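Asks: As annotated in Swiss-Prot:
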{"type": "BINDING", "residues": "Gly127, Glu128, Phe129, Arg130, Thr131, Gly132, Lys133, Thr134", "note": "ATP binding site"}
{"type": "MOD_RES", "residues": "Ala2", "note": "N-acetylalanine"}
{"type": "MOD_RES", "residues": "Thr13", "note": "phosphothreonine"}
{"type": "MOD_RES", "residues": "Ser14", "note": "phosphoserine"}
{"type": "MOD_RES", "residues": "Tyr54", "note": "phosphotyrosine"}
{"type": "MOD_RES", "residues": "Thr309", "note": "phosphothreonine"}
{"type": "REGION", "residues": "184-257", "note": "region 'Interaction with PALB2'"}
{"type": "MOTIF", "residues": "245-260", "note": "motif 'Nuclear export signal'"}
Amino acid sequence: MAMQMQLEANADTSVEEESFGPQPISRLEQCGINANDVKKLEEAGFHTVEAVAYAPKKELINIKGISEAKADKILTEAAKLVPMGFTTATEFHQRRSEIIQITTGSKELDKLLQGGIETGSITEMFGEFRTGKTQICHTLAVTCQLPIDRGGGEGKAMYIDTEGTFRPERLLAVAERYGLSGSDVLDNVAYARGFNTDHQTQLLYQASAMMVESRYALLIVDSATALYRTDYSGRGELSARQMHLARFLRMLLRLADEFGVAVVITNQVVAQVDGAAMFAADPKKPIGGNIIAHASTTRLYLRKGRGETRICKIYDSPCLPEAEAMFAINADGVGDAKD
């Protein structure tokens with residue numbers, strides 16, 4: 001009898017575990033969707049039920065072999081499996097309180113961010129060269145693997161590098177600082193080099209497939225905008241560039257929603273050279289315009305301080321006050337500035 005109760009309890013927990021996190025696309029087959037249609041969805045880059053539920057109907061109709069009637073049926077079934085309706089602010093507040101935050105390696109910076117880099121949203125870091133953007137990314141790629149009680153995310157990291165600045169030896173130095181095995185840390189980081197804007201977007205489809213297979217806590221794109229500056233030039237291509245960038249950022253946001261990963265992107269700055277620049281306190285502004293400004297949940301502005309110190313300012317956030325914190329770039333990653 002006790003054995004039977006134990007088995008029932010185990011069955012309950014497995015059902016509960018299934019209801020949390022993304023559901024594999026194969027679940028749609030149990031809802032009466034043709035296996036061939038599910039395969040077509042998977043080939044088009046939809047690996048979870050959530051991905052289908054969040055997609056506009058137009059996107060499904062564009063898939064070869066999916067008619068409007070089929071798209072309607074697929075979306076109806078996906079909506080039954082994914083809660084997408086209204087909820088009370090109390091429930092949402094409860095969910096928000098359970099959000100994991102990943103430590104940056106600096107206590108001052110964590111205090112500024114009220115715990116660290118938030119999972120399930122996009123954090124954008126922008127600043128000139130040599131302000132610590134890539135160094136924070138390298139440190140986060142290690143700290144996201146720490147246990148939750150040590151400020152980690154207990155998951156793997158994914159690193160899309162568009163500028164060729166990824167250095168595994170930096171990860172080893174940070175791993176040593178936290179007492180982690182260097183080889184394990186490197187095994188838990190999936191790295192890809194992005195060569196052009198289309199390839200950069202294609203990598204997100206691969207990322208989605210990998211996130212279904214394994215638990216990832218962090219997705220880094222360093223830098224999200226570098227390739228857009230070279231692939232699209234002049235004002236004539238501006239609208240095409242912004243549309244492509246908007247699509248890329250939308251996919252990032254969808255990955256953050258679907259898998260609850262922390263998405264960290266770095267952005268470059270441009271100097272204002274118009275007449276108004278003379279009166280601006282700081283004539284540098286992030287590139288990507290309003291599209292990237294609206295897509296990022298939290299925007300951090302990094303600038304140089306004295307020596308090895310850097311200053312991080314909350315540039316835009318829905319819940320953090322506009323404030324600054326000082327941090328340092330040390331041999332073992334990002335840390336606190338010494339007075």
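Our numbering is plain: 1 for the first residue shown, then up by one each step along the chain.
For all residues, glycine too, the Cβ spot is worked out from N, Cα and C.
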Asks: Give me the Cα-Cα distance between Arg130 (ATP binding site) and Thr309 (phosphothreonine), rounded to a whole Å.
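Replies: Computed Cα spacing between Arg130 (ATP binding site) and Thr309 (phosphothreonine) is 11 Å.
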Asks: For Thr309 (phosphothreonine), which of the binding-site residues Glu128, Phe129, Thr131 has the nearest Cα in space?
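Replies: If we rank Glu128, Phe129, Thr131 by Cα distance to Thr309 (phosphothreonine), first place goes to Thr131.
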Asks: If you average per-residue pLDDT over the motif 'Nuclear export signal' (245-260), what number do you get?
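Replies: A mean pLDDT of 94 is what the model gives the motif 'Nuclear export signal' (245-260).
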Asks: Whole-number Å distance between the CA of Gly132 (ATP binding site) and the CA of the residue listed as 'phosphotyrosine'?
Replies: 35
Asks: Give me the long-range Cβ neighbours of Thr131 (ATP binding site): same chain, 6+ apart, Cβ under 8 Å, in sequence order.
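Replies: Non-local contacts for Thr131 (ATP binding site): Leu302, Arg303, Lys304, Arg310.
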Asks: Take the C-alpha atoms of Glu128 (ATP binding site) and Tyr54 (phosphotyrosine) and report the distance between them in angstrom, rounded.
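Replies: Each residue's Cα considered, Glu128 (ATP binding site) and Tyr54 (phosphotyrosine) end up 35 Å apart.
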Asks: I'd like the number of other C-beta atoms within 10 A of the C-beta of Thr134 (ATP binding site), please.
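Replies: Total other Cβ atoms inside 10 Å, all chains included: 22.
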Asks: Neighbour count, 10 Å Cβ-Cβ cut-off, for Glu128 (ATP binding site): what number do you get?
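Replies: Total other Cβ atoms inside 10 Å, all chains included: 13.
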Asks: According to DSSP, which of helix, strand or coil covers Thr134 (ATP binding site)?
Replies: helix
Asks: Could you say whether, by DSSP, Glu128 (ATP binding site) belongs to a helix, a strand or a coil region?
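Replies: For Glu128 (ATP binding site) - judged by DSSP and reduced to three states - the answer is coil.
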Asks: Where Phe129 (ATP binding site) and Tyr54 (phosphotyrosine) are concerned, what is their Cα separation in Å, rounded?
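Replies: So the alpha carbons of Phe129 (ATP binding site) and Tyr54 (phosphotyrosine) sit roughly 36 Å from each other.
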Asks: How many of the residues that make up the region 'Interaction with PALB2' (184-257) does DSSP mark as helix, as strand and as coil?
Replies: 50 helix, 12 strand, 12 coil
Asks: Hey, how far is Tyr54 (phosphotyrosine) from Lys133 (ATP binding site), Cα to Cα, in Å?
Replies: 31
Asks: I want the residues beyond Gly127, Glu128, Phe129, Arg130, Thr131, Gly132, Lys133, Thr134 whose C-beta is within 8 angstroms of the mean position of the ATP site's C-beta atoms, in chain order.
Replies: Leu302, Lys304, Arg310
Asks: Give the residue from the recorded positions Tyr54, Phe129 that has the most other Cβ atoms within 10 Å of its Cβ, counting over every protein chain displayed.
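Replies: The largest 10 Å Cβ neighbour count belongs to Tyr54.
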